[in-house]
Every structure is written in C-alpha cells, then in structure tokens.
Amino acid sequence: MDSARTEYSNGIPARSVPKSRQDSTKAPELQAVEGRNWLLHRHYSRKEFGICKILVQEELERTRGKHEYANYIQGLILRHEGKIQESLECFQICHSLNQRNVDNIKQVARSLFLLGLHNVALEAYLEAQQVSKTPDWDIFHNLGECWLRLGEHGKAKEALRQAVQLGRHERSYIALANMYKMEGEMQAAIDIYKAAVEASPDSAQLATSLGLLYLQEGKYQHALEKLGGALARDPQCAQALLAAGAMMQNHSDYDVALSKYKIAAQSWPESPALWNNVGMCFYGKKKFVASLSCLKRAHYLSPLDWDILFNLGLVHMATQQYASAFHFLSAAINLKPAHAGTFLLLAITLRHLEDPDNATEAFKQASFLAPLDVSVPLNFAVFLESQGDLEGASLQLVRFQDLAQVTPQISSELLQTSSQLSKSLNSRLLSDTSSKASATGTDANDKSHIEVEAQVRVRNHPIDSSPESEPRNNLADDEV
C-alpha cells in the first residue's frame with residue numbers, strides 16, 4: 001500500500017488532509033462571561049477594593065460593558081465610597097441586562113432611597129416584591145422604611161411586622177420599636193425589644209436598647225439588669241457603659257460613673273453625651289475648671305445640643321461668669337424655647353448682670369412654662385424682694401408655700417431658705433421706711449444661698465445614650 005494513502009477497514013481509501021486545514025476547522029475556545037465572578041466575589045468580600053476595581057475594569061472592557069456581575073460589584077464599591085448617583089447607574093445597567101434578577105432591583109431601590117427619592121424607591125421595592133418568588137424580609141423591611149419617610153406610619157408598621165416574622169433580624173426589630181417610641185407607645189416598644197432579645201439573646205445592642213427604654217420609664221431595677229446583661233456579653237459596649245454611668249451619676253456616685261465613662265471613652269471618644277456626662281460629674285465634685293473643659297469639648301462635637309448649652313450656662317453661673325452664662329443660656333433657649341429651667345437660670349443671670357426688666361420677663365416665662373415647679377416662685381420672690389417689691393415677693397412666697405404642700409420630697413434646704421425669706425419680708429413690712437436700706441443689706445447672703453439651692457434643683461440630668469443618638473451609617477454593607 002502506498003505510504004501516502006491510508007485505508008479504512010472497508011478498503012476505501014481516505015484522502016489525506018493537510019495539517020493546516022485540520023487546525024482551521026477546530027472550533028475556537030470562548031471564555032465564559034461568568035468565568036471570573038468567583039474572583040470578583042472573593043476580593044470584594046475581603047474588602048480589597050483596589051484589586052477589585054482593576055478586575056472589574058478588565059471584565060467590562062472584555063465584554064464591552066455588558067458584564068452583569070462586574071457592574072453589580074462596581075455599584076456596591078461606588079456606594080461604599082459615597083458615590084450614590086454613579087452606583088445607581090451601575091445597578092440600572094445590571095437591571096437592563098437581567099430584568100428578572102431581584103437583587104438588581106433591590107440595589108436600584110436602595111440607591112434611590114439613599115438619594116432621598118423615597119417615592120421612586122418605594123415603586124422599585126414593590127416591583128421587587130412582585131418579581132421575587134418567595135417573600136423576602138429585606139424587601140418588607142425597606143418598604144417599611146420608605147413608608148415611614150413618606151409619613152404612612154400604619155403601612156410602615158405592617159411592613160416591618162412582616163419583616164420581623166420572616167427574618168427576625170435586629171434591624172427590623174429596632175426600626176419597629178423606634179416607630180412605637182415615636183408614637184409614644186413605650187410599652188409596645190418594650191414588648192418588641194423583649195421579643196428581639198429572645199430571638200437574639202447574644203446581642204448586646206438589643207439588651208442595651210431595652211435597658212434604655214426601662215430607664216426612660218423609670219424602671220431602674222429592670223434597666224440595671226438589662227444593662228448588666230449587655231456588659232456581660234460585651235464589656236466594651238460603649239452605650240451600655242454610658243447608660244450605666246448615667247444611672248450612677250444620678251445617684252451622685254460620681255467616682256463609679258467616671259470609671260464607666262473612662263472605659264467607654266476608649267471605644268467612643270467622639271461622643272458628645274459622654275463628655276457632657278463627664279463634665280457634669282466634675283461639676284458635682286466642684287471641679288469647675290475640669291467641668292468646663294469637658295463641656296466645651298462636648299459643645300465642639302455637637303454645637304446644637306441644647307443639653308450641653310444648658311450645662312455650660314449652669315457651670316459658668318457657678319464660677320460667676322455671668323456674661324458667658326447668658327451667651328450659652330440664650331443659645332439653649334433658641335434651640336428649646338419650652339424648657340422652664342433654662343428661663344429660670346437666665347433670669348438669675350440677668351439679675352446679676354443688673355438687667356431687672358428682662359429678668360422679670362424671664363421669671364414670668366419660667367412660671368408660665370412650669371407652674372408646678374417650686375423653685376421658680378422661690379427665686380422669683382427673692383428677686384422681687386431685692387428690687388423692693390415686697391408685695392409681689394409675698395405673693396410668690398405664698399405660691400411657693402402652696403406648691404410645697406402638694407409637692408412630695410422637697411429638700412429641707414429650700415424649706416429653710418423660704419422660712420428665712422418669710423422672716424425677712426415680715427420684718428421689712430413692719431419696719432419703718434428709713435430702715436429698708438439696712439434690711440436689704442442684711443439679707444444679701446440669704447438670697448444668694450436661695451439661688452444656689454434653686455439652681456441645683458433645675459440642674460440638667462446626664463444625657464442617656466440611645467441607639468438613635470449615635471450617628472448611623474446609611475451606607476450599610478451590602479450582601480453580594
């Protein structure tokens with residue numbers, strides 16, 4: 001047989017095919033579009049965004065921008081960097097490439113929500129709900145958030161209840177409890193947090209939030225139990241430490257409170273509430289310079305917090321810096337004009353600044369805002385007596401005595417100073433006109449003592465930390 005020819009078993013010769021022709025007929029190897037998705041996922045999960053961006057760019061160039069997962073990862077990275085509009089465009093490309101993917105619709109809706117387009121975000125989440133084959137707790141949770149921003153509290157609560165039943169995630173429990181708190185239904189909020197603690201018994205945040213609710217309701221024993229449980233799970237939990245320290249501070253146990261705040265400051269050094277409470281601890285220990293230093297740091301961190309401004313005014317009054325006290329108290333009144341204690345301190349400050357007309361108006365406003373506060377008429381009586389208005393001072397003293405009979409737990413110092421003022425008024429009313437000047441000078445020390453006692457009674461309580469007070473990161477980590 002010729003060597004240039006070959007035969008099959010049936011004897012039919014086969015033609016020889018050139019090697020170059022054999023190679024040309026072989027089908028080309030095409031790389032799958034999803035071939036490197038695993039690599040993108042690995043680098044994104046490790047938060048290696050630099051490498052991830054390079055890989056995303058290579059995949060988009062290879063597929064001419066039609067790589068769904070690469071656009072998805074790029075959108076997540078852009079949103080993490082705060083570029084919400086650019087992330088929305090990436091997710092819209094993903095949606096155009098695969099309109100039946102629920103995750104693409106959810107991410108489009110999330111970006112719209114972060115842009116403040118709550119109506120459009122709501123429509124997107126409703127579309128995701130229709131496309132989803134099974135009920136998704138995340139969709140119901142975000143529907144509740146959208147309804148809440150749009151003022152539909154009833155629909156928001158119903159959506160959040162569905163989210164809690166489907167997923168039992170902390171986010172849904174906290175959002176639902178916050179809604180009840182906004183509406184003043186504290187017991188319902190406590191019940192939600194109880195259910196959340198049962199579902200997630202190892203969560204220090206939920207136990208802390210429940211303890212803070214008990215603290216607001218005055219159930220101190222329950223609050224202490226929950227805060228202690230939170231600290232047992234996480235000894236470095238800053239919110240629990242701050243709340244426990246505030247409880248100790250309210251009972252004048254300043255050293256124990258400061259020890260709690262010292263630990264909390266290691267993980268939460270930029271908390272205005274923390275430095276406010278530390279400052280008021282030093283105020284209680286009569287260390288006014290340290291108190292002012294801490295309060296001014298708190299004011300720097302939160303310049304529009306009226307509690308901090310109020311306390312700054314109070315400490316400046318204690319150091320007899322009345323012009324500075326007037327500055328901070330006026331700012332506190334502008335932020336919260338319905339607080340009677342601020343007007344009372346402002347009136348006393350104006351008296352020392354020798355502005356009796358405005359001091360009188362401030363006392364009247366304090367009396368209007370807090371008609372049952374015994375410290376207001378007592379200080380008003382002292383002020384009127386110093387101005388020579390003995391009849392007005394007598395009326396305010398009678399008002400104080402009437403309130404004292406129906407007010408429980410009045411300090412003995414206030415009762416003692418009111419008795420001294422009563423004796424002073426009686427002696428001046430019975431004395432001759434020529435002896436008024438000498439009587440005024442005799443009682444100056446008593447009037448100063450009365451003011452100090454009244455200031456202590458209206459002193460602001462320490463700020464209790466809550467989850468709402470801490471800045472929340474709206475750009476939460478997204479699941480891939």
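Cβ atoms are placed via backbone N, Cα and C, with glycine included.
Annotated compositional bias 'Polar residues' per TrEMBL: 432-443, in sequence order.
Look at TrEMBL and you will find 444-456 tagged as compositional bias 'Basic and acidic residues'.
According to TrEMBL, the feature region 'Disordered' maps to 1-28 (among others).
TrEMBL lists 432-480 (among others) with the feature region 'Disordered'.
With helix defined as DSSP H, G or I and strand as E or B, the repeat 'TPR' (170-203) counts 27 helix, 0 strand, 7 coil. The repeat 'TPR' annotation in TrEMBL covers 170-203 (among others).
When Cβ-Cβ distances below 8 Å are used as the criterion, the repeat 'TPR' (204-237) is approached by residues 170, 173-174, 177, 181, 186, 189-190, 193-194, 196-197, 243-244, 246-247, 263, 266-267, 464-467 of the same chain, each at least six residues removed from its ends. Marked as repeat 'TPR' by TrEMBL: 204-237 (among others).
Annotated repeat 'TPR' per TrEMBL: 306-339 (among others), in sequence order. Remote same-chain residues near the repeat 'TPR' (306-339) are listed as 272, 276, 279-280, 283, 288, 291-292, 295-296, 298-299, 345-346, 348-350, 352-353, 369, 455, 459-460, 463 (criterion: CB distance under 8 Å, separation of at least six residues from the stretch ends).
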So how many of the residues in the repeat 'TPR' (204-237) end up helix, strand or coil by DSSP? 27 helix, 0 strand, 7 coil
Any idea what the model's mean pLDDT is for the repeat 'TPR' (306-339)? 95
